[in-house]
Amino acid sequence: MTTLEIWLLAISLAMDCFTVSITSGIIMRRICWRTFFIMAFFFGLFQAVMPLIGWFAASRFSHLIEDYDHWIAFGLLAFWGGRMIKESFSNEDKRCFDPTKLKVVVTLAIATSIDALAIGISFAFVGINSFTSILSPIVIIGFTSFVISTLGSLIGVFCGKRFNLRMELWGGLVLIIIGVKILIEHLFLS
């Protein structure tokens, strides 16, 4: 793979992180750099580590992973999306979806990085055959996801302040749509 192809791949993998970060920023409605960097760190970390795991396990476990990875991603995103929709109709004191909580961030990071696991498996079949040859792609993927997630959070805060239209409802729908997209891609388009 060329460097340009790796950057384009990194940008495309970061789009789910970007969307989830926008959703989180919308819910927060204020700039909280610490939270944004923690979220971006975990998104970048999981986007970088998953291809490494996929690449490493490609020859041994690919048949086990590919049968249900999309269901895991869908389930996690649908769960958090459903909670957000439910919470959009409840009192603010009773809301559980909190993008500042580590459990929420890690769950979303795992869900949005399942595709990166599949990319790692494909790396094993396109001539990336040593740790030194996969190091550059995973660093680029992780860095890109970090930067794009941070930008998404900022965009979300801006949108959340300008539009006060049950943003948790819309954010929950976005998470469910991402989950459905992943499911459709794996069930019908692969």
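Just so you know, glycine gets a Cβ as well, placed from its N, Cα and C.
Feature annotation from Swiss-Prot assigns transmembrane segment to 6-26, 36-56, 61-81, 108-128, 138-158, 169-189; the stated evidence is sequence analysis.
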May I ask for the residues of the chain that lie six or more residues beyond the transmembrane segment (36-56) and have a Cβ under 8 Å from a Cβ within it? 10, 13-14, 17, 20-21, 24-25, 65, 99, 102, 105-106, 108-110, 112-114, 116-124, 128, 134, 137-139, 141-147, 149-150, 153-154
For the transmembrane segment (6-26), give me same-chain residues lying six or more residues beyond its boundaries with a C-beta closer than 8 angstroms to one of its C-beta atoms, as numbers and ranges. 36, 39-40, 43, 47, 84, 99, 108-109, 112-113, 115-116, 119, 136-137, 140-141, 143-145, 148-160, 167, 170-171, 174-175, 178, 182
